[in-house]
(Lines of atoms letter the chains of each structure in order from A and count residues from 1; the text may use other names and numbers.)
(Lines give C-alpha, C1' and ligand atoms only; values in the text may rest on other atoms or scores of the structure.)
Protein backbone atom coordinates (compact mmCIF):
# COMPACT_ATOMS: atom_id res chain seq x y z
CA UNK A 1 0.00 0.00 0.00
CA UNK A 2 1.33 3.45 -0.94
CA UNK A 3 1.95 6.02 1.68
CA UNK A 4 -0.17 9.19 1.37
CA UNK A 5 2.98 11.32 0.87
CA UNK A 6 4.19 9.13 -2.03
CA UNK A 7 0.75 9.21 -3.63
CA UNK A 8 0.67 12.99 -3.35
CA UNK A 9 4.12 13.31 -4.99
CA UNK A 10 3.12 10.99 -7.84
CA UNK A 11 -0.09 12.96 -8.39
CA UNK A 12 1.91 16.20 -8.52
CA UNK A 13 4.37 14.69 -11.03
CA UNK A 14 1.51 13.42 -13.21
CA UNK A 15 -0.20 16.81 -13.12
CA UNK A 16 3.09 18.55 -14.00
CA UNK A 17 3.65 16.20 -16.94
CA UNK A 18 0.12 16.72 -18.24
CA UNK A 19 0.45 20.50 -17.97
CA UNK A 20 3.78 20.38 -19.82
CA UNK A 21 2.36 18.17 -22.58
CA UNK A 22 -0.65 20.44 -23.08
CA UNK A 23 1.68 23.44 -23.25
CA UNK A 24 3.92 21.71 -25.84
CA UNK A 25 0.89 20.63 -27.89
CA UNK A 26 -0.48 24.17 -27.69
CA UNK A 27 2.83 25.60 -28.88
CA UNK A 28 2.92 23.16 -31.80
CA UNK A 29 -0.63 23.96 -32.90
CA UNK A 30 0.11 27.70 -32.63
CA UNK A 31 2.90 27.31 -35.19
CA UNK A 32 0.37 26.02 -37.70
CA UNK A 33 -2.11 28.87 -37.27
CA UNK A 34 -1.93 32.32 -38.82
CA UNK A 35 -0.08 34.48 -36.36
CA UNK A 36 -1.61 37.54 -34.78
CA UNK A 37 1.71 38.25 -33.06
CA UNK A 38 3.29 39.96 -36.05
CA UNK A 39 2.03 42.99 -37.92
CA UNK A 40 2.48 42.93 -41.68
CA UNK A 41 2.50 45.94 -44.01
CA UNK A 42 -0.83 46.94 -45.53
CA UNK A 43 -1.85 44.53 -48.28
CA UNK A 44 0.11 41.65 -46.71
CA UNK A 45 -1.13 38.84 -44.49
CA UNK A 46 0.64 37.03 -41.63
CA UNK A 47 1.05 33.27 -41.32
CA UNK A 48 3.42 31.85 -38.74
CA UNK A 49 6.33 34.27 -38.46
CA UNK A 50 6.16 35.49 -42.08
CA UNK A 51 4.16 37.98 -44.11
CA UNK A 52 2.79 37.12 -47.54
CA UNK A 53 1.91 39.53 -50.30
CA UNK A 54 0.11 38.53 -53.50
CA UNK A 55 1.20 40.80 -56.34
CA UNK A 56 -1.22 40.83 -59.26
CA UNK A 57 1.06 42.76 -61.66
CA UNK A 58 2.44 40.02 -63.95
CA UNK A 59 6.22 39.56 -64.12
CA UNK A 60 8.64 36.93 -65.40
CA UNK A 61 9.88 34.59 -62.67
CA UNK A 62 13.25 36.40 -62.39
CA UNK A 63 11.65 39.84 -62.23
CA UNK A 64 9.12 38.63 -59.66
CA UNK A 65 11.95 37.30 -57.47
CA UNK A 66 13.82 40.62 -57.81
CA UNK A 67 10.64 42.51 -56.93
CA UNK A 68 10.19 40.46 -53.74
CA UNK A 69 13.80 41.17 -52.77
CA UNK A 70 13.62 44.90 -53.54
CA UNK A 71 10.21 45.74 -52.07
CA UNK A 72 10.04 43.37 -49.11
CA UNK A 73 13.61 42.10 -48.53
CA UNK A 74 12.08 38.67 -49.10
CA UNK A 75 11.70 36.05 -51.81
CA UNK A 76 9.07 34.42 -53.92
CA UNK A 77 7.10 32.20 -51.54
CA UNK A 78 8.88 29.05 -50.39
CA UNK A 79 6.26 26.57 -49.22
CA UNK A 80 7.47 24.16 -46.58
CA UNK A 81 4.28 22.41 -45.38
CA UNK A 82 0.75 21.48 -46.37
CA UNK A 83 -0.58 23.98 -43.83
CA UNK A 84 1.36 26.78 -45.49
CA UNK A 85 0.14 25.70 -48.94
CA UNK A 86 -3.47 25.72 -47.70
CA UNK A 87 -2.97 29.23 -46.32
CA UNK A 88 -1.42 30.52 -49.58
CA UNK A 89 -4.14 28.79 -51.61
CA UNK A 90 -6.86 30.61 -49.68
CA UNK A 91 -4.99 33.90 -50.08
CA UNK A 92 -4.91 33.44 -53.87
CA UNK A 93 -8.53 32.26 -54.11
CA UNK A 94 -9.75 35.23 -52.04
CA UNK A 95 -8.04 37.68 -54.40
CA UNK A 96 -10.45 36.78 -57.22
CA UNK A 97 -7.56 36.59 -59.67
CA UNK A 98 -8.39 35.56 -63.24
CA UNK A 99 -4.97 33.96 -63.67
CA UNK A 100 -4.56 30.19 -63.84
CA UNK A 101 -1.00 30.21 -62.46
CA UNK A 102 0.89 32.06 -59.69
CA UNK A 103 4.70 32.13 -59.37
CA UNK A 104 6.31 30.63 -56.26
CA UNK A 105 10.02 30.55 -55.38
CA UNK A 106 10.85 27.09 -56.69
CA UNK A 107 13.10 26.82 -59.76
CA UNK A 108 15.61 24.55 -61.47
CA UNK A 109 18.77 26.55 -62.21
CA UNK A 110 20.32 23.40 -63.73
CA UNK A 111 17.61 23.45 -66.46
CA UNK A 112 17.01 19.74 -66.04
CA UNK A 113 20.63 18.62 -66.39
CA UNK A 114 20.72 16.96 -62.96
CA UNK A 115 19.24 13.44 -62.70
CA UNK A 116 15.74 12.71 -61.36
CA UNK A 117 14.74 16.36 -61.10
CA UNK A 118 17.28 17.00 -58.34
CA UNK A 119 18.09 20.51 -59.60
CA UNK A 120 14.96 22.10 -58.12
CA UNK A 121 15.71 24.68 -55.37
CA UNK A 122 13.96 27.43 -53.44
CA UNK A 123 15.15 30.93 -54.38
CA UNK A 124 15.40 31.63 -50.63
CA UNK A 125 18.03 28.84 -50.31
CA UNK A 126 15.71 26.86 -48.00
CA UNK A 127 16.24 23.13 -48.40
CA UNK A 128 13.67 21.40 -50.59
CA UNK A 129 12.41 18.58 -48.37
CA UNK A 130 8.67 18.79 -49.05
CA UNK A 131 7.34 17.92 -52.51
CA UNK A 132 3.87 18.72 -53.83
CA UNK A 133 4.02 18.35 -57.61
CA UNK A 134 0.89 18.29 -59.76
CA UNK A 135 2.94 16.43 -62.36
CA UNK A 136 6.51 15.14 -62.41
CA UNK A 137 8.57 17.91 -64.05
CA UNK A 138 11.39 15.59 -65.11
CA UNK A 139 9.13 13.62 -67.48
CA UNK A 140 6.93 16.44 -68.78
CA UNK A 141 7.06 16.97 -72.54
CA UNK A 142 6.78 20.77 -72.24
CA UNK A 143 9.27 21.29 -69.43
CA UNK A 144 9.66 24.54 -67.59
CA UNK A 145 12.27 25.42 -65.01
CA UNK A 146 10.28 27.67 -62.68
CA UNK A 147 7.33 26.64 -60.52
CA UNK A 148 3.78 27.89 -60.22
CA UNK A 149 0.73 27.03 -58.18
CA UNK A 150 -2.02 26.02 -60.61
CA UNK A 151 -5.69 26.90 -60.51
CA UNK A 152 -6.45 23.35 -61.71
CA UNK A 153 -5.14 22.04 -58.37
CA UNK A 154 -6.94 24.72 -56.35
CA UNK A 155 -3.58 26.55 -56.10
CA UNK A 156 -2.32 23.71 -53.90
CA UNK A 157 0.06 21.82 -56.23
CA UNK A 158 3.27 22.90 -57.95
CA UNK A 159 3.78 22.72 -61.67
CA UNK A 160 6.84 23.46 -63.80
CA UNK A 161 6.36 26.44 -66.12
CA UNK A 162 8.28 28.55 -68.63
CA UNK A 163 10.17 31.16 -66.60
CA UNK A 164 9.67 33.87 -69.23
CA UNK A 165 5.87 33.92 -68.92
CA UNK A 166 4.54 36.92 -67.04
CA UNK A 167 2.37 35.94 -64.08
CA UNK A 168 1.23 37.25 -60.69
CA UNK A 169 3.35 36.09 -57.75
CA UNK A 170 3.50 35.67 -54.00
CA UNK A 171 6.26 37.22 -51.90
CA UNK A 172 7.17 35.84 -48.47
CA UNK A 173 9.11 37.97 -46.02
CA UNK A 174 9.82 38.80 -42.39
CA UNK A 175 9.04 42.16 -40.82
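Glycine too: its Cβ is placed from the backbone N, Cα and C atoms.
Listed in Swiss-Prot for this protein:
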| type | residues | note |
| --- | --- | --- |
| DISULFID | 40-51 | disulfide bond |
| DISULFID | 68-171 | disulfide bond |
| DISULFID | 146-163 | disulfide bond |
| DOMAIN | 38-175 | domain 'C-type lectin' |
| SIGNAL | 1-26 | signal peptide |
What Cα-Cα separation, expressed in whole Å, is found between residue 51 (disulfide bond) and residue 171 (disulfide bond)? 8
Roughly where does the domain 'C-type lectin' (38-175) sit in mean pLDDT, to the nearest integer? 92
Any idea what the Cα distance is from residue 163 (disulfide bond) over to residue 68 (disulfide bond), rounded to a whole Å? 16
Other Cβ atoms within 10 Å is the metric here; tell me which of the disulfide-bonded residues 51, 68, 163 scores highest. 68
Taking only the Cα atoms, work out how far residue 146 (disulfide bond) lies from residue 68 (disulfide bond), in Å, as a whole number. 16
Largest tally of Cβ atoms lying within 10 Å of a Cβ, found at which of the disulfide-bonded residues 40, 146: 146
